[in-house]
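Take a look at the structure below.
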Amino acid sequence: MHQRILILDYGSQVTQLIARRVREAGVYSEIHAGDVDDAFVRDQVAQGLKGIILSGSHASAYEEGSMRVPAAVFEVGVPVLGICYGMQSMAQQLGGTVSFSDHREFGYAEVRAHGHTKLLDGLADFTTDEGHGMLKVWMSHGDKVTELPPGFKLMASTASCPIAGMADEDRGFYAVQFHPEVTHTVQGKAMLARFVKDICGCEGDWNMPDYISEAVARIREQVGSDEVILGLSGGVDSSVAAALIHRAIGDQLTCVFVDHGLLRLDEGKQVMQTFAENMGVKIVHVDATSQFMGKLTGVADPEAKRKIIGREFVEVFQDEAGKLQGAKWLAQGTIYPDVIESAGAKTGKATSIKSHHNVGGLPDTLNLQLLEPLRELFKDEVRELGVALGLPPQMVYRHPFPGPGLGVRILGEVKHEYAELLRRADAIFIEELRNAKDPASGLTWYELTSQAFAVFLPVKSVGVMGDGRTYEYVVALRAVQTFDFMTADWAPLPHPLLARVSSRIINEVRGINRVVYDVSSKPPATIEWE
């Protein structure tokens, strides 16, 4: 079993970032709700737990009814790191004082380190004229610790928060008022790595080659000689799940690839070539274009389109699954954020993680057991796994694509003609993004954008081509940059790149005579148009 760090979640929006930073240090971490009982904590320690991290929260530590840290956390003898609310709870429960702050801190702050603690010693972003090392951090709090608990010493301070960090190094307790897990805290990654390795004593035994070996062994033990069926969409999660399961059990896996006529250009061919031809995976390729297009005729409402596409997918998949009489397992590309959300860990009030996470909407009447080989991994780890399994990087690192496909990138009613025009326009846009490099970073603009695509607008505009008048459709280009997809900024693509994309689309895709670029951020707009 890998060395582990337990993260207790009290409802912070960035708790998952803590787990990701710990794993980036090569240490396995798990998130559990903050209201677990003492027995759970003691059991974790008995199984070799190396340390505990307490997350932030929107709640107030000193208000009645606020979630308390299990007492066992401070009794079992492993190092503990409290972050924001975690620091306040630690102080409150160990004899310190927490008060409402007259000067709330939200955003950047400059913190001075004190006391040469193991956590912060030697870390600094700049030095003051007086020689004090200073850290650039991200704060988000309305309460603050005003009196240290017995045994603690001051570890950090700001002008408006005299106790911005504290430590009881004899017991291995550390706490900071700022958020080391977010990228805005420059030394945050180093702090968390120092906590899990230098303070908790983790060696960093979490790596992808070992994970593959362990996952393959688990799948073989779980499945035995049974048959497995998987709905392959061509997306990252289902593709990596298929590659991993096939590595484990070979021809016991059958993938069902449903082409609803709303995929990207040549996507069906790429999936078949990658999995069937190159990797030898058994794939049932179902061309259900006519079925989907027929059901979408006359439907303009975005939500109605999504429901129709989802319902028809389930129907097609069910039909194909029924033909595979020996299948006893349904495999899904469920990943760790899905598991956390299904447990309600975002609220910090869930007590257990559900074992069944039916993200695909497939009915329980299939009577299949669930196989989720990626449920321990974050998205970036899934991509790393995909490359290690031999999947093409352009498949593993492709931008997100909605389940309904082009159905929600064609505004209004979906028609075969519209889908063909959009497919070709979108392919040109993506090709140019992949070919265009930003000289400052050396990266392509495809790598610099988090998501990019074309949108078909079912309106016509007047144009001139040669000596003739045209009256053809409009395409909008959308490219955004984001860390978490909760908020997003439109990408500042170079004008020559946009001009090249526009020229190619208008000249190569007959039926389109105007291209526009979407400069809306999220919020107020959403990333997708529908």
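Note: Cβ is positioned from N, Cα and C throughout, glycine not excepted.
As given in Swiss-Prot:
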ACT_SITE  Cys84  active site, nucleophile
ACT_SITE  His179  active site
ACT_SITE  Glu181  active site
BINDING   Ser233, Gly234, Gly235, Val236, Asp237, Ser238, Ser239  ATP binding site
DOMAIN    4-205  domain 'Glutamine amidotransferase type-1'
DOMAIN    206-398  domain 'GMPS ATP-PPase'
Cα proximity to Val236 (ATP binding site), best match among active-site residues Cys84, His179, Glu181:
Glu181
Secondary-structure category, per DSSP, in which Asp237 (ATP binding site) falls:
helix
Rounded to the nearest angstrom, how far is the Cα of Glu181 (active site) from the Cα of Asp237 (ATP binding site)?
25
Of all the binding-site residues given, Gly234, Gly235, which residue's CB has the most CB neighbours within 10 A?
Gly234
Using DSSP and three states only, what is His179 (active site)?
coil
Using Cβ atoms only, which residues of the same chain lie under 8 Å from Ser238 (ATP binding site) while being at least 6 residues apart in sequence?
Leu230, Gly231, Leu232, Gln332, Gly333
Of all the recorded positions given, Glu181, Asp237, which residue's CB has the most CB neighbours within 10 A?
Glu181
Within the same chain, and leaving aside Ser233, Gly234, Gly235, Val236, Asp237, Ser238, Ser239, name every residue whose CB is within 8 angstroms of the centroid of the CB atoms belonging to the recorded ATP site, in sequence order.
Leu232, Val240, Ala241, Gly333
Quiz question: given the recorded positions Cys84, Val236, which has the greatest number of C-beta atoms lying within 10 angstroms of its own C-beta?
Cys84
Rounded to the nearest Å - Cα separation of His179 (active site) and Gly234 (ATP binding site):
36
With an 8 Å cut-off on Cβ-Cβ distance and a minimum sequence separation of at least 6, pull the same-chain contacts of Ser239 (ATP binding site), or say none.
Leu232, Ser233, Val271, Thr274, Phe275, Gly333, Gly386, Leu391, Met395, Val396
Nearest recorded site to Glu181 (active site) by CA-CA distance, among recorded positions Cys84, Gly234, Gly235:
Cys84
Secondary-structure category, per DSSP, in which Cys84 (active site, nucleophile) falls:
coil
